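*Asks:* Annotations per TrEMBL:
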DOMAIN    B:28-327  domain 'Aminotransferase class V'
MOD_RES   B:189  N6-(pyridoxal phosphate)lysine
BINDING   B:335  substrate binding site
């Protein structure tokens with residue numbers, strides 16, 4: 001039977017048809033008023049999504065590139081930073097810090113565990129030389145979302161850096177209200193745009209630290225970006241990814257039309273329905289069962305089932321692309337992404353396909369039980385009524 | 001009157017309709033056999049366009065990012081390099097080298113002048129500590145193309161780095177035959193793809209230098225790229241710009257269907273017709289009048305004409321986007337790009353529009369004289385017969 005392709009991975013994520021269509025528009029020159037108009041609108045919209053008055057710089061790069069840029073722009077070799085590591089991406093930022101010669105204090109947690117912000121405060125109190133603290137908003141590798149408001153409070157004496165690559169525009173993140181200095185994000189998650197754009201918002205305090213920072217840099221240099229943004233109309237320092245920015249313009253307008261608070265609310269429901277669906281079919285969640293976890297739902301592969309086969313079967317038999325586990329969790333967990341352009345029936349289809357695949361793999365499931373549990377979440381909320 | 005939009009800038013450049021259409025395809029997950037198949041095909045096609053057996057690494061980045069990556073991957077702080085600077089981009093690589101703490105010997109030429117490879121050899125002989133030499137293939141800022149075969153010979157004792165961002169796939173460049181170690185390129189010129197992808201090909205000798213290089217790096221790290229490329233199917237180290245790579249796949253197939261040698265030949269004609277058109281309407285070329293100059297044609301703005309107004313008028317009245325001069329040349333020269341998806345009638349339209357705009361600006365032109373000169377180039381070649 002024909003199966004439609006449904007991308008339910010935690011990134012890249014599906015994009016709205018209007019954003020797809022914009023990807024087929026002709027390429028325009030970037031040093032023109034025409035592109036300047038688009039780019040100015042994008043910059044204003046990004047601020048509204050980041051919930052900040054700070055500049056948000058856009059790079060042709062993945063989130064990892066924008067993150068590396070933050071390290072180059074903020075520090076000098078030998079500087080001390082604190083990195084909260086409770087998953088694959090927290091672990092990556094430890095590696096980036098070390099690659100750039102920083103002294104990294106690592107606050108390590110088991111995958112799936114949340115960061116303890118009392119320990120963040122303690123680690124910073126123990127070493128007043130630490131200049132900045134890094135925390136991941138939504139750990140794509142586990143679905144676990146850290147309490148960033150608490151993190152920003154605990155680390156308020158140093159520059160705070162939040163990796164919001166997965167999460168920004170889905171999980172609640174109030175950059176200015178919570179006092180976060182640097183937020184790194186990417187285009188391919190809740191911003192409903194193809195991968196290839198990295199973003200960074202920079203507070204005044206972070207900009208002052210940047211001015212003292214001696215790490216070599218060029219492509220990601222914030223001073224070069226700031227200078228280009230100050231032009232009329234605003235420009236990027238180097239050739240921008242024109243087509244992706246034109247697509248982003250369409251995507252951000254859709255996001256703002258829905259409303260940032262409504263988008264947060266929708267993601268809470270998507271996460272809740274996914275978790276109820278998983279539990280409803282008799283499986284166990286990986287990580288805490290809480291409404292913060294609104295970007296990715298991770299679940300244990302049940303005993304007797306081959307996790308890689310399960311993910312493959314859901315794709316091959318049903319056309320739905322979910323993700324397996326990363327690193328040590330490969331084959332042991334599976335992950336459903338719902339960060340971005342997702343609605344109730346995307347979740348319902350995915351839960352239904354998971355039930356069908358488990359049945360094919362001789363795991364005892366009662367078809368419809370998980371689906372019903374997911375439906376009840378939407379029914380109670382009145383969203384699909 | 002309605003004017004179609006015609007992008008005749010030296011980058012970004014127009015893309016074929018099939019490449020546009022591919023930009024509207026749904027986003028697929030990158031860690032899958034489906035994307036792996038595309039990416040493997042792209043990697044093989046890139047080698048055929050770069051004319052190399054070396055790995056060609058693809059980054060979500062502009063050409064400047066891929067160039068910075070080469071500096072991070074090849075050197076340790078304090079290393080000595082030679083940079084040929086005969087335009088805006090040569091000048092940029094001097095800045096990148098200095099930003100990363102290299103000792104840069106600059107071989108400087110006036111804009112529009114070609115590099116003298118005897119002087120390259122001399123500079124290297126004078127300082128045996130220099131580890132690498134950088135030269136730009138086609139200086140987008142001036143249209144001038146350097147003799148890279150001669151450069152590679154003159155610099156054969158050190159690692160050679162060629163900035164082919166503008167030029168690769170248009171101007172003759174035989175990476176392996178000429179013994180070039182590192183070639184940097186971008187998607188948005190002759191590769192007929194939107195901006196947002198940077199490329200670098202790396203010889204064995206460059207890879208060995210990389211292994212000794214101590215510059216901090218992460219995002220652009222060649223070892224990480226090599227490890228990801230060795231997987232089956234090949235992957236990128238970080239999330240790739242999926243949609244741009246899918247578009248590149250279509251563009252590269254078109255380029256290889258035309259044939260690399262035919263593509264070089266077409267660009268020689270496009271450049272020759274542009275230069276004859278410019279001279280035919282009584283203007284003067286900026287830089288040498290030779291067939292190497294096949295990516296960009298630069299011309300002096302005639303006395304009594306406002307160069308910025310000329311470029312604006314060609315766009316506003318005729319829909320054709322050419323480019324003005326950069327830096328000191330702003331307002332003094334104008335540039336017609338023909339590097340990528342261009343045919344005879346793109347050049348003819350641009351020459352015709354330039355004649356019409358000059359007439360409107362009260363500069364004495366005989367309409368059709370430049371156009372006729374351009375036509376004769378194509379007529380003699382038999383291309384449009």
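Every residue gets a Cβ built from N, Cα and C, even glycine.
Predicted automatically and left uncurated, TrEMBL annotations should be read as such.
Since this is a predicted model, take the numbers as computed values, not measurements.
Let's see these features in context: how buried, what's close, how far.
*Replies:* Secondary structure at residue B:189 (N6-(pyridoxal phosphate)lysine), taken from DSSP and collapsed to helix, strand or coil, is coil. When other Cβ atoms within 10 Å of the Cβ of residue B:189 (N6-(pyridoxal phosphate)lysine) are tallied across all protein chains shown, the result is 30.
DSSP classifies residue B:335 (substrate binding site) as strand under the three-state reduction.
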*Asks:* Would you kindly give the Cα-Cα distance separating residue B:189 (N6-(pyridoxal phosphate)lysine) and residue B:335 (substrate binding site), rounded to the nearest Å?
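*Replies:* Approximately 14 Å lies between the Cα of residue B:335 (substrate binding site) and that of residue B:189 (N6-(pyridoxal phosphate)lysine).
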*Asks:* Where does the mean pLDDT land for the domain 'Aminotransferase class V' (B:28-327)?
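*Replies:* Across the residues of the domain 'Aminotransferase class V' (B:28-327) the model's pLDDT averages 97 on the 0 to 100 scale.
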